[in-house]
Amino acid sequence: MYALAYDMSSLTVLILGRLCCGLGSARAVNRRYISDCVPLKIRMQASAGFVSASALGMACGPALAGILQTNFKIYKLTFNANTLPGWVMAVAWLVYLVWLWISFKEPSRDIEEPPASNSETVENVALEEGKQPLLITSEEKQEDDEDPEGDGSEEAPEESRKPATSIVSAYRLLTPSVKVQLLIYFMLKYAMEILLSESSVITTYYFSWSTSTVSIFLACLGLTVLPVNIVVGSYISNMFEDRQILLASEIMVCIGILLSFHMIIPYTIPQYVCSGLIMFVSAEVLEGVNLSLLSRVMSSRLSRGTYNGGLLSTEAGTIARVIADATITLAGYLGESLLLNITLLPSFLICVASIVATCFTYNSLY
């Protein structure tokens, strides 16, 4: 529909094509598979791989658009820089759909022991090694007796295993640490959308870049994420805790946003490229770590059903992109000279808020 809209001279067909592309997004499904079916040991690597694949696709898209600078017609169909990307993606998705239909098998979800058995095992090991006392004080016993989760009722375990049945019930299951994770996801998607969506306007205004130059820049951004995520997923994740990588990535995103502001000195290409590179790569690394941590800290009830953690994170990202696009649109009324700083200011404030929130919930992020 994207490709056909040009020859049909129909904005309606173009918008419907965009709607179909949005409906075909499988991010929530992919995140749910990673959370449910990937063992905890390699979940960080799987999250980094998922983000790397997304970044590689984002890099190939602008690069492909930059290469397909041609113009010819076959019968009544026009093939040019506007329609060729649509035709290429339609063929690519058709091939992928057939391949998926033939080769995909539902993975096993029995990858982890139930939380209760895990805790019992840990307590038994601690008891055998002498790290846990045989007797507990009366105060500790009283605290255990007052614990609502250990009241001995038979209905409580059944309720605790049921998936959320609505957005409201899913929201009630969000702990402070999970809310912080969703805020982080909102922040990084907002910052990335600001960077990518306004790149053509900013580079044309400040540097007079052509469309092909912007495509090359965006392609280079995406390609740099792939090796960085490989290093993070394979090496750095084995040296540092996920929450340490999370906080460091947030700080780097904040630094990238700060460096992107146009202050008193003239705005230069090295400043824009370096700040954009820092922001984009750090945000992609942050997304992988955040996805891994989110699957650990969220309730088990958010691992199943329609209203799961993958859906919540996807919705947070979607809302962030919508608000970011609205911010760019509203800031555009003030003129191109103010567009950069006005759109970066909310990104900076949200990033600072997410860093502060991470520090407050740092001890619960494991």
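Including glycine, each Cβ sits where the backbone N, Cα and C put it.
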**Asked** What range among 12-29, 30-47 does TrEMBL record as transmembrane segment?
**Response** 12-29
**Fill in**
Tertiary contacts of the transmembrane segment (277-294), defined by C-beta under 8 angstroms and 6+ residue spacing from its ends, are 31, 34-35, 43-44, 46-48, 50-52, 54-55, 178, 181-182, 184-185, 188, 191-192, 195, 221, 224-225, 228-229, 232-233, 242-243, 245-246, 249-250, 252-253, 255-257, 259-260, 309, 313, 365
